[in-house]
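Q: Okay, here's the structure, questions in a sec.
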Amino acid sequence: MASYTVESFVAQQLQLLELERDAEVEERRSWQEHSSLKELQSRGVCLLKLQVSGQRTGLYGQRLVTFEPRKFGPAVVLPSNSFTSGDIVGLYDTNESSQLATGVLTRITQKSVIVAFDESHDFQLNLDRENTYRLLKLANDVTYKRLKKALLTLKKYHSGPASSLIDVLLGGSTPSPATEIPPLTFYNTTLDPSQKEAVSFALAQKEVAIIHGPPGTGKTTTVVEIILQAVKQGLKVLCCAPSNIAVDNLVERLALCKKQILRLGHPARLLESVQQHSLDAVLARSDNAQIVADIRRDIDQVFGKNKKTQDKREKSNFRNEIKLLRKELKEREEAAIVQSLSAADVVLATNTGASTDGPLKLLPEDYFDVVVVDECAQALEASCWIPLLKAPKCILAGDHKQLPPTTVSHKAALAGLSRSLMERLAEKHGAAVVRMLAVQYRMHQAITRWASEAMYHGQLTAHPSVAGHLLKDLPGVADTEETSVPLLLIDTAGCGLLELEEEDSQSKGNPGEVRLVTLHIQALVDAGVQAGDIAVIAPYNLQVDLLRQSLSNKHPELEIKSVDGFQGREKEAVILTFVRSNRKGEVGFLAEDRRINVAVTRARRHVAVICDSHTVNNHAFLKTLVDYFTEHGEVRTAFEYLDDIVPENYTHEGSRSHSCAPKPKCPTTSVRKPASAQESRQEARAATGHSRRKPSEKPLGSQVQPQHSSKANGSDRTGGTDRTEHFRAMIEEFVASKEAQLEFPTSLSSHDRLRVHQLAEEFGLKHDSTGEGKARHITVSRRSPAGSGSATPQPPSPPSPAQAEPEPQVEQPVGQPHGSTQLDLKALHLERLQRQQGCQAQSQLGGGSRPQKAPQKKKKKEPKGPAMALPSEEDFDALVSAVVKADNTCSFTKCSASTTTLGQFCMHCSRRYCLSHHLPEIHGCGEKARAHARQRISREGVLYAGSGTKDRALDPAKRAQLQRKLDKKLGELSSQRTSKKKEKERGT
């Protein structure tokens, strides 16, 4: 064995662990010194105002204390937090700053948390059910000590069952040739060829085998088959993973195969479905179970007596009795543990749970024949060495193309701490030790193809059973635009939906993307998709909090988490919000390619990505994702949602609430009132010059070319140019004729109709699009005369460069972020708003040439021609005056009251109304007002009565509790005085 290699490796790992440990301690210290308790709770590292709800004795005599939120009730839950089983926590009294005790968190649910305290705190820890406490997450000394101990053991390891394995893993020797094994009879007959090959390969290898399982390829199924085949050969297997969830997943699968399995770890840390296989449960079924139970009961009784007595001599006797009982308990439990371990075919534990500090210290050094480490790519290499030293062979399973091990120290991560054992061996030995599973059973083929090309060298394929499945194929789900596509990109580029800039730059948020997510989820739910089948993934905790505030009340089953919380999970639909949108093009946390791979591959049937393409395209890997979605998916711009989302930096004219009765409209908008958000998005596409392309459609001459096409003016566009000229000729002929209207056939495509809309606008004609689906058609008609102008529209003269409008640029492919012919969506939208404003002003000026006897009110009712149709010599000052006058008039339909002196501004639609119509429920903003009130209540957690202030009266329950506490205290003082008085009387 190359001792120098071992020594240098151990020295490097210890140095990296020390950096990580120091960074973790410094982070905790900084939080405690510079953050308030509420800030710590918002960070997820502190739980406030807890009460003791129960105490009992657990395994090895540990004291288990259950804490719950102070206010009891069915709806009271713990706040969002980052506590997990195994965390070291500090216990504090709410009214004191000193720490009462240190314990290990063994179980946490939405409503309670259980902490285990060792025997050293038994007599110092006196917890009162009436008091309130807080728990603070501390740096995990236990894990650090176990990792350090394993590395030091490796350094001193000279002879033993793992000697050859250590040589191979540290580069002292090459892997031995595979041995010949007889043909296998598989327990699982549905394994695909790549899975069967991986099983045979793992069993044939002498020292090490790596099973590379990309998302959805059945890695756990393959690992279970390997374990069963090893047990069949008479081998003793130790199976580990870095997390309790991963270990419990294997326990559930192995339990179905009726093998003797034993799960190490306290049952409070395990899933309920596997607790029967825990060491504690097995011991409870053993011959010594009743004796052990009697000893524990005796310990609890002695604790009770010790708590009641005040005599020091009796307390000392009780302590000695407890020590003797614990000694007997330990001896009987160890004998039962050895018996249980020997009877098991497979022993399962976390990496750190397999240390010599636990039950495995009772077994011989060479007891196990093979060690299996699942999810190895997520584990620190130092943690893997804890179980690896217990057997001559190891089988590693995982995916090093997904999330790496979690670290706090950026310096340690760059120096190699975040590089897993699996990744290091795969790069060093390649195919000699690695077999990859090539068929996935989760994702639609469009999702699979991107992951395969981006991360897995094109080797990953979709099984036919999932290759074409979509959301619309689920029971009860309708066929809509959202449910019929596997890939959807909502691009916020140029829409003003910028990220929130935090001072500490620790986390980012994007309220605009939150609103887009909300609208898309509502569209999916309206189509019949269950909220529990949808996941929202964000890379930043601040964005996760914003999403939960907006969505959790309405959709409680909806899962909203960070990327790290979703590895190993899957959902029918996944919505990704990338958050980053800034002028510098900084992507920050998104630069981790493996993080994006995990996020995208959580979806089975539908992935929606919401991002700013201008920002994310500055990162090469993210640009490949955007380009792929553009080529194979459906692309929308956030402008399609402008009826529901208005960027904060837009003026109020752009927010035309569809809940109000419409004012006269300019011709760029449809004359029909939108019946749904989907229809309003279609109108927005027509107004901004965008049409969408579904992945199944080929780019034809009459359709917009996909973004990836480079033939903007080539032969592929000839057909589109010819059709435009054909439509232009038809409209010119109509203008020259005396016909009142021109109807176009229903056979026109959506883009053909867009061309007709644009041409009609050029000629100053009225253009209406009516009908639904295949019955949709366009009618072009003449406008009413404006002022003294002619009723016959004139063909437009060629515009000068200064007058040129951006409409002809609509042929530019959608979504290209760079290029000289880039279509500026924001400029188009602002121009549309300007035209709408001009239309409104013209409606105020249009009656100037009518007889004086006509009433002024009558003139305001009649819509006039658009601003674009006004003569070029129109007095600009008059136009401005008209706009100002319109702005000082009540925005409610059929109301001409002035709002110059007495008017109210509506925060929901950004308009002014007179006192008769200023209430949101009257002028059409009632729903928005109710939504705002709900959001405020959800955010502040306080229900306000009208516009009054918060009721600061003492809560009746709290008052009653304090009264009971006072009465109890008075009773105790009274009894003490009575007893002293009696003693005094006896003395006399």
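A Cβ is built for glycine as well, from the same backbone N, Cα and C atoms used for every other residue.
Note that the structure is predicted; figures quoted are calculated from it, not measured.
Annotated Zn(2+) 1 binding site per Swiss-Prot: Cys890, Cys895, Cys914, His917, in sequence order, evidence recorded as sequence analysis. The Zn(2+) 2 binding site annotation in Swiss-Prot covers Cys906, Cys909, His923, Cys925. Sequence annotations record features per position, and here Swiss-Prot assigns coiled coil to 957-986 based on sequence analysis. According to Swiss-Prot, the feature compositional bias 'Polar residues' maps to 702-718, 835-844. Annotation source Swiss-Prot lists N-acetylalanine at Ala2. Per Swiss-Prot, phosphoserine is recorded for Ser797, Ser800, and the stated evidence type is similarity to another entry. Annotated region 'SS DNA-binding' per Swiss-Prot: 637-783, in sequence order.
Are these features on the surface or tucked inside, and what are their neighbours?
A: Just so you know, the Cβ of Cys890 (Zn(2+) 1 binding site) picks up 22 other Cβ atoms within 10 Å once every protein chain is counted.
Neighbours of Cys925 (Zn(2+) 2 binding site), defined as other CB atoms within 10 A of its CB across all chains, total 22.
Computed over the region 'SS DNA-binding' (637-783), the whole-number mean pLDDT of the model equals 60.
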Q: Based on DSSP, name the secondary structure state of Cys906 (Zn(2+) 2 binding site): helix, strand or coil.
A: strand
Q: Counting other CB atoms within 10 A of each CB, which of the binding-site residues Cys895, Cys909 comes out lowest?
A: Cys895
Q: What are the other residues, in sequence order, whose C-beta lies within 8 angstroms of the center of the C-beta atoms of Cys890, Cys895, Cys914, His917 at the Zn(2+) 1 site?
A: Ser891, Phe892, Ala897, Thr899, Tyr913, Leu915, Ser916, His918, His923
Q: For His923 (Zn(2+) 2 binding site), just give me the three-state DSSP call.
A: helix
Q: I'm trying to understand the geometry here, so how far is the Cα atom of Cys909 (Zn(2+) 2 binding site) from the Cα atom of Cys890 (Zn(2+) 1 binding site), in Å to the nearest whole number?
A: 13
Q: Just the number: how many Å between the Cα atoms of His917 (Zn(2+) 1 binding site) and His923 (Zn(2+) 2 binding site)?
A: 6
